[in-house]
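I'd like to ask some things about the structure below.
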Amino acid sequence: MGGAVSVEEATAENKDKLIESLKGKATEILGKFPDNRCCKYLIPYLDSEEGKALSNEDLLTFYQCVRTGIDNEDSGLGCYAMTPDDYTKFGGFFNAVIRDYHGDATGTAVHETDWDASGVGEGGVLDVRKLGFDQELSMRVRVGRNLKAFNLPGKMDQAERIKFEQQMLGAFKALCDNPDYGGTIYSMTPDFGEGVENPNKISDEKYQELVDAHVLFKDMDADPFLKSAGISSDWPYGRGCWQSADGQCIIWFGEEDQLRIMCMKKGFLLNEVFDRLNTMLKTVESIDGIDFATSADYGYVTSCPSNLGTGMRASVHVKIPNLTSDGTDAKAKEVCNPLGLSVRGTGGEHTPIGADGTVDISPRARLFIKEKDIIEKLYKGIELLMAEENKPKEEAPPAEAPPAEAPPAEAPPVEEAPKEEAPKEEAPKEEAA
């Protein structure tokens, strides 16, 4: 069977053809990739009363939501929301996908937001020195956020991307004027349209410098999933970031979500980056025109259903040379998976582990978990991981002694080789943004 009807071909006149094409293509894909959740739930949704009642316009938006799962057959999730309202408008589809992906067997869980970590650790203090670390760890916490007043990135056109960036300039100026943050705006947008110059535009050389320093993100058009969803369209319009004067706080704009807000530093107190991010979010939300999109059931709205709820990823870089002695993270994943932790390279997803055995560790859960529980889960996960890392190796049983032979008349003394000193642990490099 040929590919699904394209967005350009999908019109009110061929609505039935689009539905038939989507269902047929989904059936074909499931024969090869049964774990593609988009295709798994697309067919019963289009056959449901809600699916049949979609208007022509809503059906086209729904197609945009699921297109990445059709184009990328090996998708595990395969869908993105195009507007904050899509999680309600196409609720029969998204609810099934979300509860499957996030493991809610009850089908009734409701997300709760709670940043109060005062009861975590020792009065809210999470000191990794108590876990045996004597050198600072690279720590990072980020969240995805989107404004109610705008489409999500997959449905934005060039003009809306520019308008969103201009909307955020007031918030970035407020942060730059705040002595707790200060900082600089780096924009990749060539112009603001109709001959209006962009005062924050950076050169190609500066952009590459910021990418190399992990301050800015790479061209998203190389990602087939984001490309199919329309998220990488109109590059580089509406893309850039604000960075605080101390370099520890960054807000990306125009990536997978309208905003990716993050704090990072090297240190011993895991709660420091968590608390600073919470404070910065309150500061940003207090600025006129900033109203984050939320759902009564799913918490903070994000483009990808995998990030709904907290929208949070909290991570640290830890060195585990014993668990990675074979040059892979396979053993580390065996330990971390039951703890609900993800393991990846220090440069981000799909990057290799550090040569010294340094890996990036983070809790997988985003939805139906409180923010304070994520940071506690990370702290306890590190503790259990390091217990495995530091377990003494089992010694091989001694070999059976050979029959005794008569010693030589005068055996010369054998000098023992000096024991090699254990290498000192180095602090991992600062984590990629």
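Backbone N, Cα and C define each Cβ position, glycine as well.
Pulled these from TrEMBL:
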BINDING   138-142, His214, Arg260, 313-317, 344-349  ATP binding site
COMPBIAS  399-411  compositional bias 'Pro residues'
COMPBIAS  416-433  compositional bias 'Basic and acidic residues'
DOMAIN    135-392  domain 'Phosphagen kinase C-terminal'
REGION    389-433  region 'Disordered'
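Have a look at these and tell me how they're positioned relative to everything else.
There are 15 other CB atoms within 10 A of the CB of Gly347 (ATP binding site), with all protein chains counted.
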Within 10 Å of each Cβ, count the other Cβ atoms and name the one among the binding-site residues Arg260, Arg344 with the highest count.
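The residue with the densest Cβ neighbourhood is Arg260.
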Compute the average pLDDT of the predicted model within the domain 'Phosphagen kinase C-terminal' (135-392).
94
